[in-house]
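So the structure is just underneath, and the comments pick up after that.
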Amino acid sequence: MEARKSLRFLVLSFFVTLFLVVTWVNLPSSPDQDSLDCTLSSAWCSSKNRIQSSTKPINNLIKNPQQSSTTTTQHNHDSDVPHHPLDPLTVQEYNRIKAILAKHPLFESASTYTLNTVALEEPDKDLVLKWKKGDPLLARKASITAMVNRKSHVVTVDLDTEEVSFHEVSSVISGYPTMAMEEMVGVLDVPLKNIEFNRTISQRGVNMADLACLPISSGWYDMPVEENRRLIKVQCYSKKDTVNFYMKPIEGLTVLVDMDRKEVVSISDNGRDIPIAKGINTDYRYSVQKLNGDFRLFNPISLEQPKGPSFTVEDGHLVKWANWVFHLKADARAGIIISQVKVRDPDTSEVRSVMYKGFTSELFVPYMDPTDAWYFKTYMDAGEYGFGMQAMPLDPLNDCPRNAYYMDGVFAAADGTPYLQPNMICIFESYAGDIAWRHSECPITDLTVTEVRPKVNLVVRMAAAVANYDYIIDWEFQTDGLIRAKVGLSGILMVKGTTYDHMNQVPSQEYLYGTLLSENIIGVIHDHYITYYLDMDIDGSDNSFMKVNIKKQETLPGASPRKSYLKAVRNVAKTEKDAQIKLKLYDPSEFHMINPSKKTRVGNPVGYKVVPGGTAASLLDPEDPPQKRAAFTNNQIWVTPYNKSEQWAGGLFVYQSQGDDTLQVWSNRDRPIENKDIVLWYTLGFHHIPCQEDYPIMPTVSSSFDLKPVNFFERNPILSLPPNFKDELPVCKAYDSS
């Protein structure tokens, strides 16, 4: 009887219904249904709590850049084949991996197993660099992390030989693999089978049909209960009268669940006296907002391209635009991976190497509330949840402009079944009326010159809905050789329930850990850190890191009317510790990645520099457990020697890690980095003190950093860039306002 009531609740509950029913109803069981569409299999493909449903057929939809935004073409990924050594695994390859593992003794005899991540094991870098189109494709292998009988495994499957090899998981390395979506889904009904939990929900006056619960990574705090257990916490909200249930937390109620045993470990309930906020006027949907009148501040805007886009995508993953060419793919953990980035030199027509590989390595989002229901909210979204697995289909005309090209992700579910993440990435040309360069000669020179060039960029975009937060990840390529990595933060705040309706009720000695945003709602202070992996190959792999200090230099007495000037002092880093950089406003520097063996015509080493942005730094105690796990945020810049195994700043296994396999640990080895194949790491940081304008939804806040050429070209590479001419642009009828 109790189980039947729980089942009825699952059917009524928004989250559990869509997670469980949609997952199992659409589970592919027939031989001809080899892959899933995310719009149907949302429990595998969506964020840890953002759900969508659809009646579209099980086929991926890809935007044809020549068609209007409302027209799509069907693309069947079942026939995809790799063309490049870095192309992601295909549907056929995923199915083959699944079949190979099913026959292996370890998996065949296992009582339970989960494939947490399945991705291409990229060939060795030197082999990829030597490979040219037309050469035989390099060996295709899959790299897998798996939980088998509650133990972590790292597995390689050779798709050519069907050989399965296991890599030792060192006993000194803590943590577990990235959670599979099914594992998160599987814990949601565990509290519902607990009498104490159900009694508490009833006492709070919450209707079971209005309950929405979320699985929340528990972090690591060196507690006895954590030993040899994969733990996750479940917290719940009321979705009564609004889809914005985040604004209606059931405060103080936290269920600790053993993820493997599917059992409640403990229940903490310290918020019985805190009312659930009413959630009035928190529904953010446009259809609801229109009921209050259409509030249009501006007329529709669209970028028109009468001759179509200027970029091409060859073989599904090779992007060519203007003077740029690069390989692009979706990744379940990183989201977007940009590889083999090259730029054509306008003077020599040589295609020159800039970056071998770049991606978002890890995110760290600690909330600044040490109380029982909040202290553990210190998310590491790439390593714990999979940043790419949280990516949602982009909305044409709103997420991306007209004429955008859309690219899908193909990932593996926990049993190895491939599924599609449709329209996960978009590529488009951006023109916002900015100026690439200009000059007008002043009248006193007796020269009539006005030269202006429009600034048109190529943008690669992904939007990940990680619970309440939406991250907009852009890679922007400019015609002057600059690469901009940009992050936009949007979505909905994670808020805390309170008894207070007004600030005049708050005792002067009490600290709220945030801002009172509305009646019974506190926006908790938190940080965001996004760490990028940037394997720069400036005209080749052997590079050096040079710190260019800007110093005040005093003039000699009587030497000049000036007393001081600024001087650039260049120092090449010898070892990793020389390149551990904390940015300082009053100790300014530039940070160059150079190729010391290649120089310009006048003798300068060619290079690129990282131009910092989003420079918030972590202020947490280095020995605070969350900061030990996220020690990669201790500096804004790091440089390490290239090591194929060192790509994830928080370590290979991040879930419940103890900080023993991080970028900090690697860098402290202090290995030589001068004139070697080296990797640059950069961390964008945001401090967020919520304000009422962030309620009930947040305007997007963005920051970025640049990779800018410095003595890479002999001269300005956009001198020959053409201006806009009137006869090349579409003729649009002017709007008659009379």
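Cβ coordinates are placed from backbone N, Cα and C, and glycine is handled just like the others.
Per TrEMBL, the feature compositional bias 'Polar residues' maps to 55-65. What TrEMBL records for 84-164 is domain 'Copper amine oxidase N2-terminal'. TrEMBL lists 177-276 with the feature domain 'Copper amine oxidase N3-terminal'. Sequence annotations record features per position, and here TrEMBL assigns domain 'Copper amine oxidase catalytic' to 303-718. According to TrEMBL, the region 'Disordered' annotation covers 55-82. The transmembrane segment annotation in TrEMBL covers 7-27.
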Residue counts in helix (H, G, I), strand (E, B) and coil for the domain 'Copper amine oxidase N2-terminal' (84-164), per DSSP?
23 helix, 25 strand, 33 coil
Determine the mean pLDDT over the domain 'Copper amine oxidase N2-terminal' (84-164), rounding to the nearest whole number.
96
DSSP on the domain 'Copper amine oxidase N3-terminal' (177-276): how many residues come out helix, how many strand, how many coil?
28 helix, 29 strand, 43 coil
